[in-house]
Amino acid sequence: MSEQDILNAGAESPALEAWRMFRRNIPALFGVVMLTVIVAATLYGTFFYSGDPFEIVWAPHEVPGATPEFPLGTDYLGRNIVAGMLTGGGPTLAVGAAAAAITMVIGIALGALAGYYGGWVDNLLMRITEFFQVLPALLFAMVLVTLLDPTLTTIAFAIGVVSWPQTARLTRAEFLKIKELEYVTAARAIGARNKRIIWRVILPNAMPPLIVSATLTIGVAILFEAGLSFLGLGDPNTMSWGLMIGANRDYILDAWWPVTFPGVAIFCTVFAVSLIGDGLNDAFNPKLRER
Amino acid sequence: MNASFLIRRLGFGLLLMLGVVVLNFLLIRLAPGDPAVVIAGEMGGATKEMLDSIRQEYGLDKPVLTQLWIYISNVAQGDLGQSYFFNQSVAGLIAHRVGPTILLVLSAQLLSIALGVFLGVIAARKPNGVMSGFVSIFATIGYAVPVFWTGIMLIILFASVLPIFPVEGMQSVKLRDAGFLVQALDVAHHLFLPAFTLAVIYLAQYARLSRASMLEVLGSDYIRTARAKGASEKSVLFKHALRNAALPILTVAGLQFGNLISGALLVESVFNWPGMGRLAFDSILRRDYPTIMGVLFFASAMVVIANILTDLSYRVADPRLRGKG
């Protein structure tokens, strides 16, 4: 092997290496497929099967399979459950993704500042983080949603506001570790300013654990949205899986199907997301794979 | 255990609670409309006398900082205001509901740690065995199931298929006059399903965590020494290894407490458990802000106390930390 070959061999980017790992991870690929199917069904399902999830179309509590028009049966009011399943995923996924994005933005910004500057900035920001960790997240989100009136935007905002502390801690820990490394000193030596070092030098290198954390955050946010909707605190004008379960909860002993199918859908979505998260984690940390 | 650590920790805990009080104050003012009307609850029927007495009590005609001061000193004296919906003092309302919530949360916590750690230890014995695979899969599933849905599925199962556990409430009406022991057993009987529902999520996490922690510890020299001197497998696992693997579990258990309270809100709603979660839910539906704020305050106080206890137990469990500030 010539010297050039060795240099070329080492030139594979970490992202490409992670992708190679991920590609061989069967559960993670299964998660990707599952999530793709769910997202496709919520995005395009209504083209093939149209129906208003709020409209009363049949007798209440029609058993799944009994009428070909309503393969999953009807709920306590006689509303079509398939229509609810197909339209109810959109808000859940959208709120989950938006809330996770808000969580990551707040968490990374505060964690990066705390970890990079240290001293009183770190002290202050970490005390604020601890304060937010003391508030029970769901309760605080419930209060915020009630105060702000429940729309998809305020729900995503509320979930983001209560979920960022863990991301901030993780970001801070990564920054504390990376800022001591030589390439950061090198960047400073060539005159890079703090802003550039934080966002262009340290952050890209802190991304792997943050990407994994973002994936898991999406799962948690979806569960949050489902919980709020279940309690009847979601957007009342939008059908969602959580709302379907909440609306039918008083009749669970008469009919199991109106609460079971949406629950399975939530479970499959979060399960798929967390399989992907685990896969990314393994891909970024090859050492962990031996465990 | 050194005293200055304890004092500092308690002081910071009080500061956090002061923060919660200020946050409550800000949240009431964030609500659209006249604060007096907000406090009276949006029931439409608040009389002028009622609103005047609220303005008087909260000093709403005074400057904002004075209002804040009045609010803080009221809370410091244990006065969380009056619930106009329940027509009762908020402190009194909460006092009735704290017990069931603490009972539920602590039982779920103990159940999930005990079962989770046991499964994790068993799994760690054979890192590539069937049990390890089971723990990993179970952990991912446990994380992905909505807790309220688990509860509903268990209710369907135990109400119709296998009616051995009550699925609603905390006590049987017909046993109200029975002796203490009978009543305690009755509560435990009612407690099982809600506590199990809440425990399932965390059980999986503890199993995964203790498996990882045990695997790390089992590779260390002192474990090889213990095995070499002929200690039994049971003694190696539970006496030598688990003690050292327990620290990360303890940390997570402390951090998990706030999440448990959040989960309890949903579980209480599903099982009609008469705790703070039900109270929070009822008061949020009625926009009964004094009660909502009272519950937020008490729930946060429970987390603060749990955090302090975790820090203390950490020092008991890890002698290396003792004497350090």
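Cβ from N, Cα, C; glycine included.
Annotation comment: TrEMBL describes B:12-31 (among others) as transmembrane segment.
Under the heading domain 'ABC transmembrane type-1', TrEMBL lists B:98-314.
For the transmembrane segment (B:102-122), the list of distant contacts is 131, 135, 138, 187, 191, 194-196, 198-211, 213-214, 237-238, 241-242, 246, 249, 253, 256-257, 260-261, 263-264, 267-268, 273, 275, 302: same-chain residues at least six beyond its ends, Cβ to Cβ under 8 Å. The annotation transmembrane segment is assigned in TrEMBL to B:102-122 (among others).
Tertiary neighbourhood of the transmembrane segment (B:134-167): same-chain residues 119-120, 123, 189-190, 192-194, 196-198, 200-205, 207-208, 211, 263, 266-267, 269-271, selected by CB-CB distance under 8 Å and a gap of 6+ residues from either end. Positions annotated as transmembrane segment by TrEMBL: B:134-167 (among others).
Here TrEMBL flags B:187-204 (among others) as transmembrane segment. Residues 103-105, 107-109, 111-113, 115-116, 119, 135, 138-143, 145, 147, 150-151, 154-155, 158, 165-167, 169-172, 256, 259-260, 263-264, 267-268, 270-271, 273 of the same chain sit 6 or more residues outside the transmembrane segment (B:187-204) yet have a Cβ under 8 Å from a Cβ within it.
The transmembrane segment annotation in TrEMBL covers B:245-271 (among others). Residues 100-101, 104-105, 108-109, 113, 117, 147-148, 151-152, 155, 167-169, 193-194, 197-198, 201-202, 205-206, 209-210, 213-214, 216-217, 277-278, 280-281, 299, 302-303, 306-307, 309-311, 313-314, 317-318 of the same chain lie 6+ residues outside the transmembrane segment (B:245-271) yet bring a C-beta within less than 8 angstroms of a C-beta in it.
Residues or ranges marked as transmembrane segment by TrEMBL: B:291-314 (among others).
Packing against the transmembrane segment (B:291-314) from elsewhere in the chain are residues 1, 6, 9-10, 13, 16-17, 20-21, 23-24, 27-28, 75, 80-81, 83, 85-86, 90-91, 93-94, 98, 102, 105, 247, 250-251, 253-255, 257-258, 261, 276, 279-280, 283-284, 321: each is 6 or more residues past its ends and has a CB under 8 Å from a CB in it.
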